[in-house]
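Here is the structure we will look at.
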Amino acid sequence: MASGRRAPRTGLLELRAGTGAGAGGERWQRVLVSLAEDALTVSPADGEPGPEPGAVREPEPAQINGAAEPGAAPPQLPEALLLQRRRVTVRKADAGGLGISIKGGRENKMPILISKIFKGLAADQTEALFVGDAILSVNGEDLSSATHDEAVQALKKTGKEVVLEVKYMKEVSPYFKNSAGGTSVGWDSPPASPLQRQPSSPGPQTRNLSEAKHVPLKMAYVSRRCTPSDPEHRYLEICSADGQDTIFLRAKDEASARSWAGAIQAQINALLPWVKDELQALLAASSPAGSQDIKQIGWLTEQLPSGGTAPTLALLTEKELLLYGGLPQTREALSRPARTAPLIATRLVHSGPSKGSVPYDAELSFALRTGTRHGVDTHLFSVESPQELAAWTRQLVDGCHRAAEGVQEVSTACTWNGRPCNLSVHIDKGFTLWAAEPGAARAVLLRQPFEKLQMSSDDGASLLFLDFGGAEGEIQLDLHSCPKTMVFIIHSFLSAKVTRLGLLA
């Protein structure tokens, strides 16, 4: 696989750093974005995060526990505190991390020093840590000769309870009295689950970036259509395959956003053969009776009933459409999709704009309906480009036809005129009703080819109506469960037969 050492593209963009006060008070930080073969790196650039035009600038978080307002003297600590090592236990909340920034490191010939403590977060709540404290160890791990990066990693990999051994460094504390820099170690990753958001929300908020952030491009999700409230079309969202790393960027104009999205997607696409090979191997290992070929894989943006959206990883095999919240990395994860749609009972009902009221991005959307024993499941998805829409449309239609040709025949128990029967539907032989009374001979009660079928319908509960014309007219079959699966299979057989005859392009 690509090494990621070459950076084919770099440039300055803005990173969404949170929300500020006032209307439209989103805060953006200027960052340097580097696109390599297998990762996207976002690093701080010159300039502080700023609010949207017209918004009220938020004050900087106050440095507490002795780090006073700009120009103030460093904290006055008891003399005994200056002479001893201290052990402080920090209990992290679910969000916010430790709530400190650090400076120093072996490469700077300095100890690891607390340069900022954020008000209200875990470190602040101990009331026992101070700006100017040197961190000597973390949970027993010695940091006395650690580099800056080693210290950051040691702090990040801690659990809910962190034991810090510290010592106050009086001689260096004045250096931090006006400091707003340092490395924040409070970046907590979101949970690995589908990122759901409402139409008014542009996505998960990111805290101020003070160190490089790397997003792996292997099966990453990229979207320029993450929010309808983007009149200038400048927004860009990138999410790692497992949902752990998400960044939300803003380009200078629509052309720049389109260019960056295309370049990032091209790098992701270059890694697809490796992803497909890995998943194919997992699929073969989890299906000892014979594996299915993966026909298509990619991210879709699903329109949720609530009005929001969620990135959904779709994997199309010869028989099924499998939907996941993230990239499955194990056989167990691959065998447990969030949803499964058997292609033989699935129908593409529209691709592109539909009639009537349509949701955001309808021009790049498609809808699927699947017949199940509980009724009809309907899902609406959107993609990022006309090329993606065409590819998914073609693969889904072809997949439904392949599934129909592969299955050939389905059967189900039913009742006809009060008599127990079995209904068999064959793609070539048509419809056959067999007697199913206990002990009775397997007699054929009715046989009709597909060509005689004039109409089919159902009541959505248990009844299937088939009209073959002639003397029989319409027959009514009670399938004893929701008939939608059989209705959709009949449609797939018909569609496959029509396509086989070359009546559709």
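Glycine is no exception: its Cβ is also placed from the backbone N, Cα and C atoms.
Not measured: the values here are computed from a predicted model.
Cross-referencing 253-275, 483-505 with Swiss-Prot places the feature region 'Calmodulin-binding' at 483-505. Segment annotation: Swiss-Prot labels region 'Disordered' over residues 1-24 (candidates 1-24, 217-240, 361-384, 457-480). Beyond the ends of the region 'Calmodulin-binding' (483-505), by six or more residues, the same chain brings 343-347, 369-373, 375-376, 400-401, 403-405, 410, 412, 423, 425, 427, 450, 453, 456, 458-464 to within a C-beta distance below 8 angstroms of the stretch. Around the Cβ of Ser101 (phosphoserine), a 10 Å sphere holds 26 further Cβ atoms from the protein chains shown.
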